[in-house]
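Quick look at what TrEMBL annotates:
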- 37-61: transmembrane segment (TRANSMEM)
- 105-127: transmembrane segment (TRANSMEM)
- 134-155: transmembrane segment (TRANSMEM)
- 242-265: transmembrane segment (TRANSMEM)
- 294-311: transmembrane segment (TRANSMEM)
- 331-351: transmembrane segment (TRANSMEM)
- 417-436: transmembrane segment (TRANSMEM)
- 448-469: transmembrane segment (TRANSMEM)
Amino acid sequence: TFPGESETKVSSMCCGNSGGFLNCARERGTLSICNKLCYAVGGAPYQITGCALGFFLQIYLLDVAQLDPFYASIILFVGRAWDAVTDPTVGFLVSRSPWTRFGRMLPWIILSTPLAVVCYFLIWYVPPFEDGKVIWYLVFYCLFQTLQTCFHVPYSSLTMFITSDQKERDSATAYRMTIEVLGTVIGTAIQGQIVGMANAPCVPVLNGVPAELGGNASSVLLSQPESNSSIPGISLDDTKNAYMIASGIICGIYILCAIVLFFGVREKKESCRPRSEPMSFFQGMKLVMGHGPYAKLVMGFLFTSLAFMLLEGNFALFCSSTLGFRDDFQNILLVIMLSATLAIPFWQWFLTRFGKKSAVYFGTSVRPAAERSSEPKAPLAGGSMLPDVVDDFQVANPDSVGHEAIFYSFYVFFTKFASGVSLGVSTLSLDFAGYITRGCSQPAEVDLTLRLLVSAAPIALILVGLLIFRSYPIDEERRQGNRKLLQELRDQEAESESDSTELANMA
């Protein structure tokens, strides 16, 4: 069960009207199961594409697109660092967007989806030319990040607009985080299993040098890989086609989820109070970063996200190169993600029993030992902590409202920036260590680098994040107090509006 779940008969789960095929009844801020499911489905595209890119993009650029590790590091870093502009900017633009008949967040989501799936598909396409290949991947990777931001920032902010009831928000967030964890499993299964059936052939290596080449070829890009296949019957063209098939399936799921979200969820204009006067971008940044609990939450997740992204981005290479599981690493990833899904009930119970702060702190503490098998704890608790920070801000600044998208956009920015830094630095480190493109074995320096990237470095970063989380001030007592104060404020505003209506009718 999920927190805040209302006891509702199955017959009243969904009810249609002329507004949409999945419009569900809502009374007094209560969300039906149908509403929560439709809202939760919207979180799947970000996790599916993020999981596929996080686990497979690095090894794809190195071994399939055959880019030099230096250029691959530039693509991975710049693509994520581009969010330094797009995430806060989109959050700022969303916060100033006018209300439409479909709401304020949903138009951003549905309009960005078609272009996003096109760019995502082209990321996994190897162009038939060499000179502009780096520019190709850089452009479409940056475009996809921008368009996905136009989807994810409004979607993250949507939590504040589907209901004004904090208990219902927590319940909807629990549904969302559950679907997102399932999305990571789906992304790993689709990308990993399809690509695994046509794994890129490797080149035998003797004394740190590809066997077919007589010199130091650690930085040489092989132009005719099909003739060097270590797996009979499978060519590099087969691997390229497998990546395109996987990306096509993921694009279809992306579109389907966006449609379900658009028709199954309605923004409630009355869910938030009237917005204050619009402010400039830098005023908005100063406003949200000046709120102590938000700054500590974001900085804590910055370091822990950097640690997790280091592990995620290098795990495939670690399994295939260091551990020697080149043909089975996708199965290892799938088993780990399935174990994460099975851990959801425990972490959900822990969250409701001990609170969000304790769940994040304890869950992150055991993460270095459990690696990705403890994946659900951070989303379940961490994602639901953002509405608490927004509520705390509204209590401290009752006259400053309507800036929810800015809070969420900076949170998304720091998460993606951490991913860019981790992938860029780790890929550049592999270049310095002498990574051999498509080599069946790697130099000892590469093996040592990969071990550090998936063990020592993440543990150090997690420890820093834990120190920051210790000072996070919003515990369960303060959260409940904020919830009570905001509800009293809403009741007062409702009474004031009712009195104004009565006076107008009398006049």
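Backbone N, Cα and C atoms are what each Cβ position is placed from, and that goes for glycine too.
TrEMBL does not curate its annotations; it predicts them automatically.
Only pairs six or more apart in sequence are counted, and the transmembrane segment (242-265) with the transmembrane segment (448-469) gives fewer than three Cβ pairs under 8 Å, not enough to call it a contact. Through the fold, the transmembrane segment (417-436) approaches residues 54, 57-58, 62, 68-70, 72-74, 76-81, 83-84, 203, 205, 208-210, 217-219, 302-303, 305-306, 309-310, 313-314, 317, 442-443, 445-446, 448-450, 453 of its own chain, all at least 6 residues removed from its boundaries and within a Cβ separation under 8 Å.
Sequence-remote contacts of a segment are chain residues at least 6 beyond its ends whose Cβ falls under 8 Å from one of its Cβ atoms, and for the transmembrane segment (37-61) they are 22, 24, 31, 67, 72, 75-76, 109, 120, 123-124, 137, 148, 151-152, 155, 158, 162, 172, 175-184, 186-188, 190-192, 195, 243, 246-247, 250, 253-254, 257-258, 260-261, 263-265, 309, 312-317, 320, 333, 337, 419, 423, 426-427.
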